[in-house]
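Student: Structure provided below as structure tokens; questions to follow.
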Amino acid sequence: MCDQTFLAITFGPCDNCSQNKPLMNIYLKNEPINYCSLCVELMACQGLAKGETIHTLKTESETLKAKLEEERAKLHDVELHQVAEKIEALGQFVMKTRRTLKGHGNKVLCMDWCRDKRRIVSSSQDGKVIVWDAYTTNKEHAVTMPCTWVMACAYAPSGCAVACGGLDNKCSVYPLSLDKNENLAAKKKSVAMHTNYLSSCSFTNSDMQILTSSGDGTCALWDVESGQLLQSFHGHSADVLSLNLAPSETGNTFVSGGCDKKANVWDMRSGQNVQSFETHESDINCVKYYPSGDAFATGSDDATCRLYDLRADREVAIYSKESIIFGASSVDFSLSGRLLFAGYNDYTINVWDVLKGTRVAILFGHENRVSTVRVSPDGTAFCSGSWDSTLRIWA
Amino acid sequence: MARDMSDKDILKMELEQLQKEVKNTREPVSKTAKEICEWVEAQSAEDPLIKGVPEDKNPFKEKGGCIIT
């Protein structure tokens, strides 16, 4: 039963201060108490104990954050670009659109390469998921999802299936068959269930497990065959927009970024958040591990991309220019990690020298926001998808 | 999940996380940055987007030719 307070006025000695005053008959936890109005007010202030607790939590949080920054700053003895001064500068960059993949009826939201370096899966706002052959620009498969805004798609490591999801709050896996006439939608398997939209998905090293991130603020690891939840990751305080698995040699971790401006590194087996970085000034749209696994880059609505070093536990580089005012929606590294390709909402793709922190090229071509950028598995080209409903392959 | 949590719970979660993180071991940037640079230099030689690929070898360069797979 909840506490109820009733007010009735009588006159007499107050239970608390013993003065003769007009009393208020109050019931506290079903016990009648007679307090004068002054004591009632004092008691009401105690209700602020909850507010005070939030306040004390906040101050403790701020103190810890300051201490963390202090510890990190102690090791910040040099800047990445200073260490990189001795490295030879990169030559002129000539990258052009080599293929344009047309076929989506609406904004392309996500794409992924197959490990055979040739096939691409892409998904769009109109619910279509298409598998392309990037060499010939032919469409190999097409599936229509029952929802719009398919924000996530991923190719299975074996190349035999694709996973996708979006506003349906689920991640579904479609096995790809060689028979083009076969109806792919019939074989669909629903794997993940979230309570809000699916923002990103990725297979782990095998076709058997999928990692997903969602607008409900969590990430989760699922078994594809049974649809069972293997591990869930809580720690973000807002929508999680992107995730990326560490390159296989470095172990079982992944990084996620979200609307709470935080990028978190997680241990997949324990579900623990091992490191957290909060230096961006707005939503983090995309996170990508550095090829060596010791660092990761992020692209954010604050128009900057940043590099975070995991062993130094801090941000070590910011890629920004005053002329760039639109958010970065997607980032990816070249094979060696020397170049960072970032797609922006101003329709361009900027190519950054990761070590020196300078921009080496701007690529124009898309006629609307660039929503996704991925380098091919062998590093010979990269593909960009855009709200202008096309995908472009650059080399 | 995050949307269902009260502000107080979110703060508590953040606080516990921070307490854990303060204990993490860290290395100086001079050491890690140097290692990143060395790694990149070692790999750059093999990076097709940096060293370039001859026209005849790159499957994306010319369209319309015969591709033998």
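Placement of Cβ uses the backbone N, Cα and C atoms for every residue, glycine included.
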Student: Under TrEMBL, the annotation coiled coil belongs to which of these stretches: A:54-81, A:250-277?
Tutor: A:54-81
Student: Under 8 Å for C-beta pairs, could you tell me which stretch among A:233-276, A:330-362, A:363-395 has the largest tally with the repeat 'WD' (A:101-142)?
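Tutor: When the Cβ pairs under 8 Å are tallied, A:363-395 comes out ahead.
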Student: Return the average pLDDT for the repeat 'WD' (A:277-318) as a whole number.
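Tutor: Averaging the confidence scores along the repeat 'WD' (A:277-318) gives 94.
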Student: Using DSSP, tally how many residues of the repeat 'WD' (A:101-142) sit in helix, strand and coil.
Tutor: 0 helix, 25 strand, 17 coil
Student: Should anything in the same chain at least six residues away from the repeat 'WD' (A:330-362) have a Cβ under 8 Å from its Cβ atoms, list it; otherwise answer none.
Tutor: 80-81, 83-85, 87, 89-90, 93, 95, 285-288, 290-292, 297-299, 303, 305, 307, 317-319, 321, 324, 368-375, 378-379, 382, 384, 386, 388, 394
Student: Using a Cβ cut-off of under 8 Å, list the residues of the same chain at least 6 residues beyond the repeat 'WD' (A:277-318) that approach it.
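Tutor: Apart from its flanks, the repeat 'WD' (A:277-318) reaches 72-73, 75-76, 79-81, 241-247, 249-251, 255-259, 261-265, 324-333, 335-337, 340, 342-344, 352, 354, 357.
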